[in-house]
């Protein structure tokens, strides 16, 4: 039953597909007439052109003629293309030449403008760079080194000539003639077996005194460089300091605190006076112009004054918490200033050595040596390797004069007063030109930056400790931009402003009179 029913259904479906539907016939009957009308309207008759009888008509009879005509047309096209490319290349080359000429002209015009601008205006940056590139004039002698590259223990300038003597830890003494261009070695002396700790010229420079760790003192004639006197057992312990008080009197101090005063005119090698008032090494000795008092500083932290004529102690300070390493006279020899190992500086009144009258304690490290260069300016050498200038009354740092990599041990000033020399553990003697202190127009410590009110004291102290003076090779941070920022000039008051000011003053006078 199922198979018989399925066959007629399939046949019936095929018949239905083959038979045209009534809907298709209706669409054809509606569409075909309209389409024929449209195509009939759009179809146009072909118009054959009629040529005159005289017009030549060439008939192409073969395929060869057609090929020849095509090749001729291709040749014409290729010739046209080559001519067009040639024209394009020539035009592009001409354009490139014109661009190059324009660039050259622009470069020449830019160079001309730059040259004119340089002639008219001096650019500060270019001038600064050119000045830095130029070789600078030498303003100080070159550095000195020992022959064995060992530590320099002491230095001393000749009081009348351009000579400097230096001693080292090996006991060798060398004398140089210094100058801005070069230094000339004059003499070498080997009087001492051990380290030469102290070295000084006398007041006229005729004699050179040297003291050693081997407890001996040698006096040398500077003209002949021959030994005039030798004190082989001047002290019972190694000598630490030495001082020429006048033409004939000199003093020495040792590691045990013993101070001896000598007279070179005596035939017997015995001291004129001997003092034992200190328990530690005698670090430094100074005296006044009349050589009446001998001021000594000690490693125990005391300052002691001896009267060499009366042969007694004049006074002694209390014991301070750190060793006293150096001392100097300031304020027309009315004040004694002492430097300590903790960075403090104490000022004593003359002939009042019991307790200090003033103090200055802003050094960041120990003060090893001190050199007064003016009545109120002192140079200090510290453990941090910096040489600083300090102004007294009022007390303030002026800046850094120079620097070493290692602690500063000795300082001395030349006879002309323009140079100071410094020694350190690096075996080098360096010179510093300090003639700028004599310039009254020089303004030191001009602050170029604004400081906050909260940290003003701390920032100013840090700036003063690191401020570089002209003698130092290092430069300050604000030096490069210091010349750029200039204050604008105040505009002058015009006539209108003057009239307004006059009217305001009149109003003020009237109001005051009304109030009266």
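Every residue, even glycine, has its Cβ placed from backbone N, Cα and C.
Listed ranges 409-462, 463-516; the one TrEMBL annotates as region 'Disordered' is 463-516. Panel annotation: around the repeat 'WD' (189-230), residues 153-161, 163, 165-175, 236-244, 246-247, 250, 252, 254, 262, 264, 269 of the same chain, lying at least six beyond its termini, place a Cβ under 8 Å from a Cβ of the stretch. Away from its own ends, the repeat 'WD' (401-435) comes close to residues 139-146, 149-162, 164, 166, 168, 178, 366, 368-371, 373, 379, 381-389, 469-474 of its chain (Cβ-Cβ under 8 Å, at least six residues beyond either end).
Across the residues of the repeat 'WD' (189-230), the predicted structure has a mean pLDDT of 93.
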